[in-house]
Amino acid sequence: MAGGRRGPNRTSYCRTPLCDPGSAGGAAHGGMPSVGGVRSRARSSSSTGLSSPPLAAQTVVPLRHCKIPDLPADRHLLFELQLFFCHLIALFVHYINIYKTVWWYPPSHPPSHTSLNFHLIDFNVLTLTTIVLARRLIGAIVREASQGGKSSMPQSLLLVATRFAVLTGTGWSFCRSIILLFRTHSFFNLLFLCYPFGMYIPFLQLGWDFRRPGLSHMPNTRDLASMDRGSKDYLHVLQHILRHHMPSAEPLPTHACCLSPDLIRSEVHYLKLDFNWRVREVLLSSMLSAYYVAFVPVWFVKSTQYYDKCWSCELFLQVSLSTSVILTQHLLPAQYCDLLHKAAAHLGCWQKVDPALCSNMLQHSWMEECMWPQGVLVKHNKNVYKAVGHYNVAIPSDVSHFRFHFFFSNPLRVLNILTTLEGVLIFYQLYSLLSSEKWHHTISLALILFGNYYAFFKLLRDRIVLGKAYSYTAVPD
């Protein structure tokens, strides 16, 4: 400035990273990568609201994970039996809505000795719908009979006979129903049965089942690239669709709890694929079950038959939401959500800040081999980011890392969402039950509520227990 007096020469602040790239990448359980050799001072930034972390905070402190109790869970076969029973109840109440009669009328009116018009029901459609709804239960029975282990000769014969009887009976009933439907209905009506399976192919776009290998055998980048370049022909996708709807009782992944940034990012990548697969399984299974419960029976109703279309759409939403909550609770148990929470805590998160607010603060060049402590400012792709997590190895510009940390930083987030959805659904069903004036609506809602009560009880129990467990002081593993 003209006429002004220049101050002393300003100190040249170094731009060295917070960790030694040669030692941070190979850290494991035995050693903690500490931030050494950093002698940086932050300039005064009281006007901007940002501050550089003190020197003591620039040392990565090991995480202490909270131990959660082992909550009781239903066996896989028992769970599939309960889910099939809930679907049968929904299908039964929908048939009441379609084929109800006025059996209480006096003989002067059109007489009816039964509560349903059984002569109008197409039992071939009913058989086919029941088999589709029981697909997971059939797969669970066959898998349970195939995994008998070491057993005596009579037990082995019994398991083989059970497997043969289930598969033969299911296949014979399915083929017989399809043949009889071809004789009595048009080809266009039969395409309505295959509509969900045709929609799966563009929706799934699967090339590999990532849930089969364990975390100890995580696929590397070359394997993932070769999987993505693999052929996705029609038969290959159909194979994955059938495998997708078969229940899996495989053990949950385990948490590596490593300190290498590359291994942490690889673990998060695998868990992200596994979580997306489980969510996709929940969505497609619930939509398929709701489709066959609510829409397939009304499509094969005769044109002279009257039914409540609004109730069919409402039943579709209720069945899809109930099935989604029940399947999510089974496929994403508390131990699995805790595993995702631990991985998110190791991954960390970055928050994008305005460069004008931190122009007078120390900014480091982000390096993928480093483990950055909380509050550090880094430069990445011409942007400035601030470390938010306990320690951070995520890529600042990777949106998937940000979403993973945001969604699983709270270990109770998934459980809170499920509990809220189930509570809202039960409240709506109770309100509809109290305000209903038709007898078949009253019976339908009363029967459907029983399954939702049991699911809500388990969700509320897990929420109370885990809420108290996470509220206590973290206990080291």
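Cβ atoms are placed via backbone N, Cα and C, with glycine included.
Copied over from Swiss-Prot:
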CARBOHYD  Asn9  N-linked glycosylation site
REGION    25-54  region 'Disordered'
COMPBIAS  35-54  compositional bias 'Low complexity'
TRANSMEM  76-96  transmembrane segment
TRANSMEM  114-134  transmembrane segment
TRANSMEM  158-182  transmembrane segment
TRANSMEM  187-207  transmembrane segment
TRANSMEM  281-301  transmembrane segment
TRANSMEM  414-434  transmembrane segment
TRANSMEM  440-460  transmembrane segment
Quiz prompt | Range from 76-96, 158-182, 281-301, 440-460 with most C-beta pairs under 8 A to the transmembrane segment (114-134) | solution = 158-182
Exercise. Sort out the residues at least 6 away from either end of the transmembrane segment (76-96), same chain, that have Cβ-Cβ distances under 8 Å to it, and list them.
Key: 115-116, 121, 126, 129-130, 133-134, 136-137, 139-141, 144, 247, 249, 289, 293-294, 297, 312, 315, 318-319, 322-323, 326-327, 330, 440, 443-444, 447-448, 450-451, 454
Quiz item: Who are the long-range neighbours of the transmembrane segment (281-301) in its own chain, taking Cβ under 8 Å and residues 6 or more past its ends?
Solution: 87, 90-91, 94-95, 98, 122, 125-126, 129, 132-133, 136, 185, 189, 192-193, 195-196, 200, 203-204, 244-245, 307, 309, 312-313, 315-317, 319-321, 323-324, 327-328, 331
